[in-house]
Every structure is written in C-alpha cells, then in structure tokens.
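**Student:** Encoded as structure tokens, here's the structure I'll be asking about.
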Amino acid sequence: MFRNGLSAGRRSVRVSTCIPIPAASSQIGRAASTPLSFKPEIPFICLSCQVRSYAKPRKTKSPLEESIKRLEKHVQFLETRYRDHVKQEAVKAETPSIEITDEMQDEAYAALMASESQVNTFLPSPSSILPKLPKSITARLGTSLALIKSQETLQWEPVLQELQANGGFKKLKIEDVNKTIILVPITQRANSTDTLLSMIETSEISPNVATYDLLMMANAARGNVEVVQNLFRRLKEAKMVPNVRIYGHILKAYSFTRDVASASAAFQEMHALGIKPNLIVYTSLIKTCINREELDTAWQIFDLIKYRSSETAPDVSTYSLMIHACAMRGEAEKALDLFRHMVDTRGLEPDEQVYDSLIHACAVRKDYFLDAWKYAIEMRDKGMRVARRTLNHLLQACGKNGDLTRARLLMRLMMSSRSPEFQPDERSFQGLLRAYATAKWNPGLRKKAVPQEAFLLPNSKANNKAGSGLGEQEVEGLPFLQGTVLTTRKEILSEARQLLHYIIEYRPWLYSTKILNAYLDVCYVQYGNRELRKVYLVYYSPLDPDKEAEFDDEFDFPPPKTEPDNSPDPTPEVDNSPDPSTDQSPDPASAVKMLKYRPRRNIHTFEIALEYARKSGAIKFARKVWADRMAYCLTQEYWGLFLSVRQRLDFTAEKLMVQTLAKAGNLREALDRLKILQYEYDWTKEDLKPVYDKAREMDDIEAVMEIRSILKLDDRRW
C-alpha cells in the first residue's frame with residue numbers, strides 16, 4: 001500500500017488505462033509478496049500510446065508568454081489606430097469641412113480656382129525648324145520657305161503640296177525623308193500619312209523601319225487603328241524585321257479597340273523573334289486590359305514589371321493607369337497606397353494625369369470625399385493645370401456625397417468661365433444632376449445658411465481676379481435659383497427641371513441618354529412621380545418613329561372604380577411629388593418636341609423606371625416599361641454589352657418585375673415567373689422577401705411553400 005491508500009495495482013490502472021487488469025486487487029497484492037524469481041507478464045499497450053511515447057513532447061506556452069503575446073498584438077492594434085487617426089486629422093486640417101463657411105470657401109475654392117502660373121518670360125522662344133530641314137529638302141521648297149519663316153505654328157499641308165509640285169522626294173535619301181517627317185507634329189503627321197506615303201512611292205525610294213516607326217507612332221497616338229494595322233502589314237510584306245518600337249505602336253493601337261487577343265498574339269510574336277519588351281510595350285498591354293476591364297490581368301502585368309528589372313520598372317504613366325484601375329473598382333485605399341509607393345519608395349514626381357486618376361479614385365467613394373478635395377488643392381498648389389476632367393471628378397464626388405451646395409457653386413464657376421476648356425460638358429451636367437438626386441434636404445438648414453457672398457458667385461470679386469480661368473463673366477440665364485442652399489424637395493426638383501430646360505435650349509448637343517437618365521434618377525429619388533413618367537414617355541425617342549409618344553394620364557394614377565371588384569386591392573399609390581401647377585420653372589417638354597434628335601432609352605433607363613414602379617406599385621407603368629425593355633433586348637446595342645453586364649442587369653430587371661407584381665397583388669403571376677427563372681438565376685431570401693411577405697399577408701399557404709421550395713428552405717429556416 002502507498003501513502004495515499006492505493007495499492008500498486010490500482011495505481012497502475014490510474015497511470016495507464018490501456019493496460020488490462022488480469023486479476024482482482026487481492027491477487028495483485030499476493031503477487032507483489034512472491035519471491036524475486038517471479039516474472040510478471042508484459043502488459044498490453046495500444047499502438048496509439050506507443051506512437052505518443054516516441055513523439056517529442058509538445059511545447060506548451062506558459063500563461064505569462066501568452067499574455068505577453070496578446071499584449072503585443074494589442075499594442076500593434078493601438079499603434080495602427082493612432083496612425084490612422086493622425087492621417088484623418090491631417091486630412092481634416094488641410095481640407096474644408098463639409099459645413100460650408102466663409103473661411104473654408106476661400107481656402108478650398110479660391111486655392112483651386114486661382115489663375116494659372118504665368119509663363120516664364122525667361123524661357124527661350126521656340127527655335128525655327130528651318131535649320132533642321134535637310135538641304136536637299138529646302139532646295140525644293142521654293143516659296144514655302146517664307147511660309148516656314150513667317151508662321152510660328154506651321155501648317156504642313158501647303159508645305160507638302162509645294163514640295164510635291166517641285167519633285168517631291170525623288171532622288172533623295174530615305175534618311176533625309178525621315179528627318180523631314182520627324183519635324184511634322186504628331187497630329188499633322190497622322191493627317192498627312194497618305195500624302196507622305198504617296199510621295200515616297202512616286203519617288204521610287206524604299207521606306208525603312210524608321211519611316212514606318214514615325215508614321216505608326218503618330219497614328220497610334222491619334223487612335224487611327226486601321227492605319228497602324230495597314231502600316232504594320234506593309235512593313236511585313238516588305239520583308240522588314242520590326243523592332244520593339246514598332247510592336248509598341250501596334251499594341252497601343254490595340255488598346256483603343258480593346259482587342260486583347262490581337263495584343264497577346266503580337267506579344268507572343270515578339271518573343272518568337274527574340275525581341276525583348278520594353279516599358280512602352282508593357283504599358284500598352286496594361287492599357288489594353290484596363291480598357292477591356294480585365295483588371296486582374298493588368299495587375300499581373302504590373303506586378304511582373306515592378307520587380308523584373310530597372311529597364312521595365314513602372315514610370316509615372318504606368319502608375320497613373322493602375323490608379324485609374326483602382327478607381328474603376330472603387331479601391332481608394334489601394335490607389336492611395338500605390339501613390340505613396342510611387343512618391344516615397346520610387347521617388348517619382350506625380351504629374352497631372354496621376355493626380356487626376358487619384359482624385360477620381362477618391363471621388364467614387366463617399367468616405368474619401370475630403371481626400372478628393374485635398375489632392376485637388378495639392379495639385380493646384382504645385383502649379384499644375386486643374387482641367388475640366390478633374391473638375392468633373394470633383395462634381396462626381398459631390399454627387400456621391402450628396403453635397404449639392406458645392407456642386408452648384410462649382411458648376412456656376414465653370415459655366416461663367418471665359419475659357420472653353422473649363423466649360424461644362426456632358427459628364428459635368430451628369431455629376432450635377434447626380435448631386436440633385438442624392439441631396440439631403442433639410443428645412444432647418446436655411447437658418448444656418450452662410451451669406452451669399454461666401455459662395456464666390458460669378459459677380460463676386462474673388463472670381464474676377466486677372467487671369468482666373470473660372471467665374472470671369474456673368475452668364476445670362478443660368479439655371480439656378482436665387483437661394484444659396486436648397487432646403488426642400490420642391491426647390492431641388494424645380495432647379496433640376498430648370499437645368500434640363502437650359503441644356504435643351506442652350507446646349508442641345510449635350511442632350512443625351514446619360515443626361516436624361518440622370519434627370520430620371522432625380523425624379524425617382526426626390527419623389528417626382530408625375531415628372532418621371534412624363535420624362536420616360538415623352539423626352540426619349542419613341543420606339544416607333546411614326547408615332548409620337550404622349551403623356552397618358554392612365555399611367556399616372558389608377559382611375560376610380562365604378563363597379564365592385566372582388567380582386568385583391570393593390571397597394572395604393574401615394575403621390576408625394578410637389579404640385580406641378582405651383583412650379584414656375586419652364587417646361588422642357590415643349591422644347592423637346594422641337595428637337596430633331598432625341599436620345600434613345602438604354603438598359604439603365606429601364607432599370608430606373610422599374611425601380612420606381614416597384615417602389616410605387618405602378619403595375620401598368622411597369623408592364624409598359626417591360627414591353628419596351630423586351631424590344632430593346634432585340635437591338636444590337638443590347639448584345640454589344642459585356643456578357644457579365646447583361647446578366648447582372650437582366651437579373652435586376654427580373655427581380656424588380658417579380659417584386660412589382662407581388663406588391664400590386666398579382667402574386668400568382670409573380671410565382672409563375674419565378675418558376676420559369678428559378679434555375680436561371682441564384683435567388684436569395686432578400687430577393688424574394690417582398691414576395692414572401694405578400695404571400696403571408698394574403699394567407700396564401702401554397703405560395704409560401706412554393707417560395708420555400710424555390711429557395712430550398714425547410715420549415716425552420718427563413
């Protein structure tokens with residue numbers, strides 16, 4: 001017996017439970033008192049215990065070590081939060097607050113809209129191209145020599161005609177011809193490609209690779225894809241071996257047509273010829289993939305060249321393309337990391353294109369609204385030109401964030417500019433209309449509104465500085481109300497309607513499907529029910545050109561019932577839109593009918609209209625929109641969309657139509673449509689929740705079971 005009262009046999013059982021007990025404890029006690037010559041039997045040990053006995057003991061961390069590790073992780077987490085907090089505070093300190101005041105307006109807009117830096121008077125004036133021309137060419141120019149001397153911006157078409165009349169390139173060396181071609185600017189060289197080729201052919205001299213290089217470079221820069229392909233084919237027919245520059249031009253041309261297959265074939269052909277690709281080739285491939293929206297492939301190429309060699313290391317143009325790819329996916333964090341890597345790690349200086357792409361990446365995200373303005377101000381402070389494209393990104397940011405006040409101010413400045421490069425285009429008005437749709441109206445905001453002078457109106461002194469590109473002149477008929485802040489839905493709808501009339505009346509070339517879709521979205525979000533139906537039926541081009549579409553009151557509100565109806569009542573439509581009789585803004589419908597051209601509906605038009613029909617339960621209007629969409633699906637424009645886009649928007653349309661049918665009380669029709677489409681799309685509970693709720697409201701047990709069957713749910717899951 002041991003001190004704890006257990007015998008040796010019992011103790012062995014506690015130590016190893018896998019050893020069988022052959023006898024009772026009394027027998028074990030007697031066996032222990034036998035002479036030393038007794039040899040006990042070897043106990044049985046299972047295989048798992050044997051394996052564990054040979055295995056190395058697992059190292060266990062002490063509680064102190066685990067506590068230290070958890071503490072280190074928590075410290076790292078706090079450091080990360082602190083760095084993010086410091087960055088956010090720095091951004092808030094450098095950019096205007098969302099609440100607009102006098103000082104913040106001066107800081108944000110005056111810095112952004114200030115005049116561009118003066119041209120340095122100490123820079124040398126452009127030198128004349130006359131000394132650069134070969135003597136054999138100047139001898140044949142004749143009277144064009146005086147034309148070259150007198151014109152600062154030389155027009156080469158009359159010079160080439162004079163040269164062609166005096167013998168052209170006959171009996172000249174191809175090197176002299178190339179020296180002449182290289183002096184022709186890119187745009188004029190692309191326009192004069194046929195003339196130059198004709199002069200070379202009639203002179204009976206053979207062009208070399210450099211000749212094709214110069215011509216292909218000009219046409220690739222201008223996007224003349226067919227001309228570049230024709231020159232590339234002629235080079236091969238002449239049994240010439242293309243170099244890396246030639247392949248760079250052909251890949252750049254393929255980027256305009258989004259022809260990834262041809263670009264890949266040209267790249268493989270380069271490898272077959274033993275030509276080592278340079279940065280221009282890789283950048284052209286990246287641009288082709290981005291234009292084709294194959295962003296994963298573009299990132300693979302970028303990661304390949306980033307660490308391959310110093311010769312193919314990405315430059316500023318490559319970084320600009322990849323930041324633009326981040327903007328296409330709304331990856332603002334990735335764009336900012338890429339920008340910091342370019343500036344801090346690579347030591348590259350960002351240019352206007354990089355800032356433009358970075359502002360675009362921030363503009364598509366609501367939580368990076370202040371960052372978009374921060375980099376716009378930084379761009380202006382560095383003396384860079386803030387072009388219309390960048391201003392459009394800022395308008396897009398205002399539309400994303402619902403900051404209508406900033407958007408209206410920025411559009412006023414653009415419209416009152418004397419410079420054509422700042423005048424708003426289709427994207428500008430589209431961004432402003434988006435701001436009308438997302439505007440957060442608040443009747444109490446007028447009490448806190450800032451003075452009118454703080455908004456830098458076109459006639460204010462802040463915009464009349466010498467040389468300022470924006471706000472230099474007063475424009476009659478600006479489509480804006482007198483108030484600095486719009487506080488009601490009626491004011492928002494009225495000004496949006498006035499803006500559309502201004503576009504149709506004064507800028508009809510901008511009247512497009514995108515503009516109308518943006519205005520349609522304003523009516524949908526701000527509850528302009530009557531206006532939305534009128535826009536859809538009248539403002540777009542009718543499907544039948546011989547039949548003029550009219551606004552039918554049948555699609556506005558259902559007529560009163562004259563006979564008792566036992567069918568389930570659809571959800572009543574509530575008209576929350578302002579009374580059109582009190583709106584003093586001009587009606588664009590009369591101006592629309594005077595136009596010879598009206599934009600056609602596209603696939604996004606039907607999506608907005610069906611969203612409204614689902615929201616209001618307008619089943620008759622929904623059937624009208626659905627019939628128009630079915631006719632649109634037979635057009636070439638529909639089949640020209642990407643397959644992924646078609647599938648996504650088709651599913652959205654089917655879902656909206658099913659939900660509209662259910663909301664209007666046509667539950668059986670909605671279920672019949674669901675049965676047809678249950679295997680074509682992946683339906684979720686969120687998609688069919690309105691249908692399910694309607695079935696339970698109508699106590700239709702059969703419909704409830706059918707919906708559960710489509711979703712493959714049992715009775716316990718919903």
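Each Cβ is built from the backbone N, Cα and C atoms, and glycine gets one as well.
Sharing the record's features from TrEMBL:
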{"type": "COMPBIAS", "residues": "557-571", "note": "compositional bias 'Pro residues'"}
{"type": "COMPBIAS", "residues": "575-589", "note": "compositional bias 'Low complexity'"}
{"type": "DOMAIN", "residues": "199-290", "note": "domain 'PROP1-like PPR'"}
{"type": "REGION", "residues": "550-589", "note": "region 'Disordered'"}
{"type": "REPEAT", "residues": "208-242", "note": "repeat 'PPR'"}
{"type": "REPEAT", "residues": "243-277", "note": "repeat 'PPR'"}
{"type": "REPEAT", "residues": "315-350", "note": "repeat 'PPR'"}
{"type": "REPEAT", "residues": "351-386", "note": "repeat 'PPR'"}
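I would like each feature placed in context: is it buried or exposed, what are its neighbours, and how far apart are things?
**Tutor:** For the domain 'PROP1-like PPR' (199-290), the predicted model reports an average pLDDT of 85.
Long-range contacts of the repeat 'PPR' (208-242) within its own chain (CB-CB distance under 8 A, at least 6 residues past either end) are made by residues 174, 177-178, 181-182, 184, 186-187, 189-190, 193, 196-197, 200, 249-250, 252-254, 256-257, 273, 275.
Below 8 angstroms of C-beta separation, residues 209, 212-213, 216-217, 219-221, 223-225, 228-229, 232, 235, 284-285, 287-289, 291-292, 294, 297, 312 of the same chain, each at least six residues beyond the ends of the repeat 'PPR' (243-277), sit close to that stretch.
Residues 279, 282-283, 286-287, 290, 293, 295, 298-299, 302, 305, 356-358, 360-365, 367-368, 371 of the same chain lie 6+ residues outside the repeat 'PPR' (315-350) yet bring a C-beta within less than 8 angstroms of a C-beta in it.
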**Student:** With DSSP, how much of the repeat 'PPR' (351-386) is helix, how much strand and how much coil, in residues?
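**Tutor:** The repeat 'PPR' (351-386) comes out at 28 helix, 0 strand, 8 coil.
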